[in-house]
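**Student:** The structure's right below; bear with me while I get my questions together.
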Amino acid sequence: MIRIGHGFDVHRFGGEGPIIIGGVKIPYEQGLIAHSDGDVALHALSDALLGAIAAGDIGRHFPDTDDKWKGADSRELLKDVYRRVKAQGYVLGNADVTIIAQAPKMAPYIQAMCAAIAEDLETDLGNINVKATTTEKLGFTGRKEGIACEAVVLLRKA
């Protein structure tokens, strides 16, 4: 049996950088406003995994109203989510992540993001795809007000 999940996340810029995307620190003049570390890629990916096992979203499991999660490392959240996936008897087939940002440029960091995600999800590098796009200067990401991310996962029975 297979299951598919989709995730989406957005964070606006504010404060000082750097930012963390896909588990990788990226130099930028601004940071991302968030309760945790603001990693939109790992948040979208976590939501996709939770959706695939019909377990809600990261807001339910790691609420921003709980100080326990303030400044949380999203890689640790992702690992926790993946433990839940495995507890349901599933493993990752593949993940596809799309980062939507006018700035900063993500290309120099994509390989490191794929490696970090593959490590956290206990899978081969070939099962992880991360890509980035812009909105051609349209919308909040185009105006450099924030970053968005979508993720899709395919799970299979272990």
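Cβ atoms here come from the backbone N, Cα and C positions, even for glycine.
On a predicted model such as this, the values are computed, not experimentally measured, just so you know.
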**Student:** Report the candidate from H35, H43 that shares the divalent metal cation site with D9, H11, as recorded in Swiss-Prot.
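**Tutor:** As annotated by Swiss-Prot, D9, H11 share the divalent metal cation site with H43, chosen from H35, H43.
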**Student:** Radius 10 Å, atoms counted are CB only; among the binding-site residues D9, D66, which position scores highest?
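**Tutor:** The largest 10 Å Cβ neighbour count belongs to D9.
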**Student:** Fewest other CB within 10 angstroms, which one of the binding-site residues F62, F140?
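**Tutor:** It is F140 that, of the binding-site residues F62, F140, has the fewest other Cβ atoms within 10 Å.
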**Student:** State the count of C-beta atoms found within 10 angstroms of the C-beta of P104 (4-CDP-2-C-methyl-D-erythritol 2-phosphate binding site), not counting that atom itself.
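**Tutor:** I get 20 for this one.
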